[in-house]
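**Q** What TrEMBL shows for this protein is this:
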{"type": "REPEAT", "residues": "55-89", "note": "repeat 'PPR'"}
{"type": "REPEAT", "residues": "188-222", "note": "repeat 'PPR'"}
{"type": "REPEAT", "residues": "289-323", "note": "repeat 'PPR'"}
{"type": "REPEAT", "residues": "390-424", "note": "repeat 'PPR'"}
{"type": "REPEAT", "residues": "491-525", "note": "repeat 'PPR'"}
{"type": "REPEAT", "residues": "592-626", "note": "repeat 'PPR'"}
Amino acid sequence: MNLLRTLSRAPSSVAYSCAARSLSQTLLSCLAGDRLRRLLPAAHARAVVSEGLCDLFLANLLLRGYSKLGLLHDARRLFDGMLHRNLVSWSSAISMYAQHGGDEQALVLFAAFRRSFDEVPNEFLLASVLRACTQSRAVHFGEQVHDTALKLGLDVNIYVGTALINLYARVACMDAAMRVFHALPAKNPVTWTAVITGYSQIGQSGLALDLFQKMVVQGVCPDRFVLASAVSACSALAFLQGGRQIHGYAYRSAAGMDASVINALIDLYCKCSRPLMARKLFDRTENLNLVSWTTMIAGYMQNSLDAEAMDMFWQMCQAGWQPDVFACTSILNSCGSLEAIWQGRQIHAHAIKANLETDEYIKNALIDMYAKCDHLTAARAVFDALAHDDAVSYNAMIEGYARQGDLTEALHVFRRMRYCSIRPNVLTFVSLLGVSSFQSAIELSKQIHGLIIRSGTSADLYMGSALIDAYSKCSLVDDAKAVFLLMHNRDLAVWNAMIFGHVQNEQGEEAVKLFSQLRASEVTPNEFTFVALVTVASNLASMFRGQQFHAQIIKVGADSNPHVTNALIDMYAKCGFINEGWLLFELTCGKDAVCWNSMILTYAQHGHAEEAFRVFQLMREARVEPNYVTFVGVLTACAHAGLVDEGLHHFNSMKIKYGIEPGIEHYASVVNLLGRSGKLHSAKEFIERMPIKPVAAVWRSLLSACRLFGDIEIGRYAAEMALLVDPSDSGPYVLLSNIYASKGLWADVQKLRLGMDYAGTMKEPGYSWIEVMKEVHTFIARGTEHPQAESIYAALDELTSLLKDFGYLPDTSELPLLGDNG
């Protein structure tokens, strides 16, 4: 109150210089306190009344006060009205703009200073100008200031030098930054922080850590900023041991409790796949801030612990923190991964209320979340309302349509992207290749390949593996191999794509040859490589190859991987070695649903229904939830054993007890079950009551049962319905012909044969194979491709002759239809 009375007192006859000194002392006493905002306007008014503004010291103090309060407009009016200015005046005004985001005004003011003021700038003024250059990325202007500093010999000043290092580091000119750094005779922690952070930001974290080590060796005590930068460098390198050493140092120093250091450590542990360690540090920290919560949420998301990320997010909201852009982006990613549409919509509502919806990261995360949750209408609404010149938004939308197999809409968005002159990137082309190959759109895949070549991204390894996969899925293995051969420095993803390409196109031998080349290279195979190879052995039913691969899998320690184990169980089953498959199953730890399903299907397909039911019971006792595939196996087992009541019970329990919607495979299994049991009318009625449209395979299943029981009427109806669904399928013709032949209706057989010829339908030849002396021999019905075909047929004729001698009469009822198509 005394100060306010002093300031409001009318001017006396004392000279204005005394009043100016009094006001100056008053201002100096409150510049460092909380009273400045109340006293500054009164002091300014008093200075105007008493003509104290003529005192340069007082005017500069007022200017400094306005700058400290961030009152830029008032400060500039005072500065422009000053009759006299000195170096302090210019320095205060330029520093004010640099500190409060007025970088452009700071540079304009410095240019005016150089034109209208005779004195040379000092280190404080130059440091402020360089700060403005750094924040506005005005590198050219900063280089001019650097030249001025060199002429004045101020480039070796600690303040100017540090500001120059910050400028060059911000624009990734680390060579220039290091020249300034090495020229400085003395360096403080801020200087070291500038170069360490600079190298860390441009991805050269190794150099950043080398500098940190030199700093410690030279006896410079790192502050919280240096420690946070060093930990961030360890995070970028996934250098857990180095980060833990810095953690230990920080724990022993006062800087260890700083929030920026703790947040950097939480980020380190998450990026090094140690989320539990990150959570322990988080829980022990008292001075948590929003960044701490956001970093922990993002860490859970990055480690695919999406449920934990969701739980942490709601805890943060309950603790009173308002989620920012980064927190919302991370949790939207988790919502997408969990397909948690309800929670995703809540985050969307928050983003709208907090005016975050137009943020680039938020809008892209929203599009991605809705797309992953299969709500493409909502994703498109966000895209149409918010997306602008941003490739990420377009990629998210294209990927959403690609995931749904909607090629038309994916291409529509892509065309719009090109119309808006937004350059497609690797992710754009990979998404388009995925959907085009899924629909076997060969010409489109080739067109996309042409665009990839024009874009200059064809050498990208990620792109290469996508192209190989696309061509392989379109059965263009030669084109896939051409892409493969053009790829230099192939990574494992490229090798795996080519190996899987051969497997998908039943070129097992080529896949094995490629694996031999892979082993000769420096690339180490992973579990996906071995899954592909075991699949080769399964397709060939080659026990010798399968055991070879199994031995290699054990040797590299990949036998504990569930994908590999499931593939091995399937391989042993297809080779007829069920007991070996069961032994492997029993040795498997942490069996997932896929593993249990493999064993159930193995027993079911080999007609061992009781064993299949026993494994299903064990699965339930292990509290592993049955899924869609589980019931395919169970119903198949029921069909093989003729257990109608039990099969219908399992079919009905799918939806009622387990919430699984029956699919076409389940309906086909029930039809097969009823048909094998002679309940042909029940099977026909079951098909007609199906809530989904029956495919040809369902009608063929009924037709097979009609052949077994010789029911011409239902058989003819089933064949007609199957051909309506798929006119090119030869199966119904063959099955119905067999029914006619078994009844001696040769005229109907001939009529069916003519109908088949008219439709241009060819019967697929039958294949069989056998492994002899570690070599797989393949045979085609009535084929002569095998090199020993003549000897084999001679042996068969001899065996047939012997059988006839013992009274065997061959069944020739199917020959009339097979004819030349066999």
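Each Cβ is built from the backbone N, Cα and C atoms, and glycine gets one as well.
Bear in mind that TrEMBL entries carry predicted annotations, made automatically and left uncurated.
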**Q** Could you give the residue numbers and ranges of same-chain residues that sit at least 6 residues beyond the repeat 'PPR' (390-424) on either side and whose C-beta is under 8 angstroms from one of its C-beta atoms?
**A** 360, 363-364, 367-368, 370-372, 374, 376, 379-380, 383, 431-432, 434-436, 438-439, 441, 444, 451, 455
**Q** For the repeat 'PPR' (592-626), what are the DSSP-based totals of helix, strand and coil residues?
**A** 26 helix, 0 strand, 9 coil
**Q** Would you report the average pLDDT that the model assigns to the repeat 'PPR' (390-424)?
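**A** Averaged over the repeat 'PPR' (390-424), per-residue pLDDT gives 86.
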**Q** Looking only at the repeat 'PPR' (491-525), what are its DSSP counts of helix, strand and coil residues?
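**A** Counting residues per DSSP class in the repeat 'PPR' (491-525), I get 26 helix, 0 strand, 9 coil.
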**Q** List the helix, strand and coil residue totals of the repeat 'PPR' (390-424) as derived from DSSP.
**A** 26 helix, 0 strand, 9 coil
**Q** By DSSP assignment, list the helix, strand and coil residue numbers for the repeat 'PPR' (188-222), in that order.
**A** 26 helix, 0 strand, 9 coil
